[in-house]
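All remarks here apply to the structure that follows.
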Amino acid sequence: MEATMDQTQPLNEKQVPNSEGCYVWQVSDMNRLRRFLCFGSEGGTYYIEEKKLGQENAEALLRLIEDGKGCEVVQEIKTFSQEGRAAKQEPTLFALAVCSQCSDIKTKQAAFRAVPEVCRIPTHLFTFIQFKKDLKEGMKCGMWGRALRKAVSDWYNTKDALNLAMAVTKYKQRNGWSHKDLLRLSHIKPANEGLTMVAKYVSKGWKEVQEAYKEKELSPETEKVLKYLEATERVKRTKDELEIIHLIDEYRLVREHLLTIHLKSKEIWKSLLQDMPLTALLRNLGKMTADSVLAPASSEVSSVCERLTNEKLLKKARIHPFHILVALETYKKGHGNRGKLRWIPDTSIVEALDNAFYKSFKLVEPTGKRFLLAIDVSASMNQRVLGSILNASVVAAAMCMLVARTEKDSHMVAFSDEMLPCPITVNMLLHEVVEKMSDITMGSTDCALPMLWAQKTNTAADIFIVFTDCETNVEDVHPATALKQYREKMGIPAKLIVCAMTSNGFSIADPDDRGMLDICGFDSGALDVIRNFTLDLI
């Protein structure tokens, strides 16, 4: 027997009655705030390109503060930052800046206390300060009051001295701000000997540090800080390749510590490679192959292949299959998306990336939701996705594989003359999925059809996702209407995501229905948005 419900009954506790007595998915100001923190917009559309943030983008945030919920807002900012829910970092930093200069004292204090937790690296701190400057424009009062000076001082003083030395030498400046600016403007009083040394180094330079500490007896911890700062200075002044390699190896210096001329040396790259994080390794494979650092059949290639296929390392680095797929397709092409760099792909590395891609599926945590993916199989899906080197058809195939391998109860269908089941199995390889999809006769991408088909076939789904290029047709029934009809008939509070991967902009999601989302383009941030939306976190 079919489950039927009418809109005068709630589908779950999150629905509320409207003025006509029908139950709807209300988008509360807290929901709008969460969307903003995740992807920089309070509406139902995620754009992959950067948008300039202003107070007009954060009206719900301002209303929540006015309603006396500012401390809850700050807690939400901390949660999104600490749990890695944000697809982009800027919105959380902007929201914190807004909270830090609102008129509500408690919100302000909570925001400043949160600065060390939300601004985890110097780049975040510089961005936060710049947002505060932007928000102060046109206002007569200055921004460097006691509260900001204390928050910035605390940011530095709560750090371990050696870790701070690493941070200030790696991330020197951003957005027009430097550590020297912040230390001067915050009137910092360093909390211990090691931090005093780092502050002197930033403010006065290495010669002053040498002079001040040459005859002082130092604690073992402060001695380490001195030696580390000396290493970062020596590496900038020497042309001796062996000395540079020794300094990299002994003090674990990174690429940012080196001069551009140093990066022309194969041996220096080999030294950097030893401790290079996996994400940086994926980014630099082309460069290192082009410069013969990764020469065919070399020990470096063997080491890279071993690391790429090590499940423990993949898990520790939280590498998503999509990140590996982008690296694989970029590397195979022998050139980047932009720039003049060219290389001949090493077959062993291609094979290792391919293995890593399939291994990484095991590391994705299932959501436990029932998915129905509807795929556009038209020839135009061979176009490049906005923000990626991948074609739309490859992204759609990879997402089908991801859902098939991680979610137990899932269905794949294709837009043909009618909705057709897409025969994708757990053990299929990527090229096999792409071939299966291309074998299906294409039809119009009517975004209402997946819900109408699921309703007709009595298919239970919590999440509908449409993957298309930029064809987002609305024909006899609007997708929002089809989704509401599906919810009503099946008694399931289903959600719809329309992902138009080559589109600059479209509008299908009802902005007042928190169960609908549009995605323009596709990038790694879109994965965070989809997951958060699926788990009801935004």
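Glycine residues also receive a Cβ, built from the backbone N, Cα and C atoms like all the rest.
Database features, via Swiss-Prot:
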type	residues	note
DOMAIN	16-369	domain 'TROVE'
REGION	120-284	region 'RNA-binding'
REGION	361-538	region 'VWFA-like domain'
BINDING	SER378, SER380, THR445	divalent metal cation binding site
*asked:* Cβ atoms within 10 Å, counted per site: which of SER378, SER380, THR445 has the most, among these binding-site residues?
replied: THR445
*Can you check what DSSP calls SER378 (divalent metal cation binding site), collapsed to helix, strand or coil?*
coil
*Any idea what DSSP makes of THR445 (divalent metal cation binding site), helix, strand or coil?*
coil
